[in-house]
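I have placed the structure first, in the form of structure tokens, so that the comments after it can refer back to it.
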Amino acid sequence: MRIDVITIFPDYLNPLREALLGKAIQRERIAVGVHDLRNWTHDVHRAVDDSPYGGGPGMVMKPDVWGEALDEICGDGTGQVPRLVVPTPAGRPFTQRTAVRWSQEPWLVFACGRYEGIDQRVITDAARRMPVEEVSIGDYVLVGGEVAALTMIEAVVRLLPGVLGNPASAEQDSFSDGLLEGPCYTRPEVWRDQPVPEVLRSGNHAAIARWRRDQSLERTWRRRPELIEALPEGTLDARDREVLDRVRESDHSGDSRSPGSG
């Protein structure tokens, strides 16, 4: 996979050379290019922004600079084209499903905006010759798209063949089956009077798998109940529904005993 990132702060992307991502580059699982947007400016100040039409606070990133950058990096649309990703709090939510889908792409380009954002005409123009997605990593605002790009790149790259030491790690992650991952434990067997759950020390693989599934269901219901509601029909078996009923009943009983009730 090829990944290009366009930014006015190239050093912000240095973490791409570290840890898991750095190893993926060394092993040639991915090729990464980081590009300084200011290289496509033509004035002495290397300006990439201007005041917004219609007034209002902040500045808007200029279309001519972004247009030239995307033309050079992405091409004119006659050959292979990338999927252009624009991190923005106004975008569609980035999810694990998005990461899985993008992991099948040969080429991703991330356009990291700053200030009030990129002139919308840049996105409209790019969409004429390549697939474009405006994506948000959460309901909050950052100072730029670089952190969001790093987050999404790591989520995608770890899914590529040969990147993780154990491929099963990705298969058992939170969201891989629509649920949150349950708790995990390692040595020592007892730490500060807290023992590892007995089932995990039993060697009974079927029982361990069932315990992990139950814990995943319980954690998801209590922390992200909307994920349970969003599961496709037929995802939950009779045991799953039994576990969820028990958790709901337990939570309801706890609420009824809370101070001030009755």
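The backbone N, Cα and C atoms fix where each Cβ goes, glycine too.
Since this is a predicted model, take the numbers as computed values, not measurements.
Feature annotations, courtesy of Swiss-Prot:
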BINDING   Gly113, Ile137, Gly138, Asp139, Tyr140, Val141, Leu142  S-adenosyl-L-methionine binding site
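In this structure, Asp139 (S-adenosyl-L-methionine binding site) belongs to neither helix nor strand by DSSP; it is coil.
Here the binding-site residues are Gly113, Gly138, and the one ringed by the most other CB atoms within 10 angstroms is Gly113.
Less than 8 angstroms from the CB of Tyr140 (S-adenosyl-L-methionine binding site) sit Pro89, each of them six or more residues away in the same chain. Around the Cβ of Asp139 (S-adenosyl-L-methionine binding site), a 10 Å sphere holds 7 further Cβ atoms from the protein chains shown. Under 8 Å, Cβ to Cβ, and six or more positions away along its own chain, Leu142 (S-adenosyl-L-methionine binding site) finds Pro89, Ala148. For the binding-site residues Ile137, Val141, the greatest number of Cβ atoms within 10 Å around a candidate Cβ is found at Ile137.
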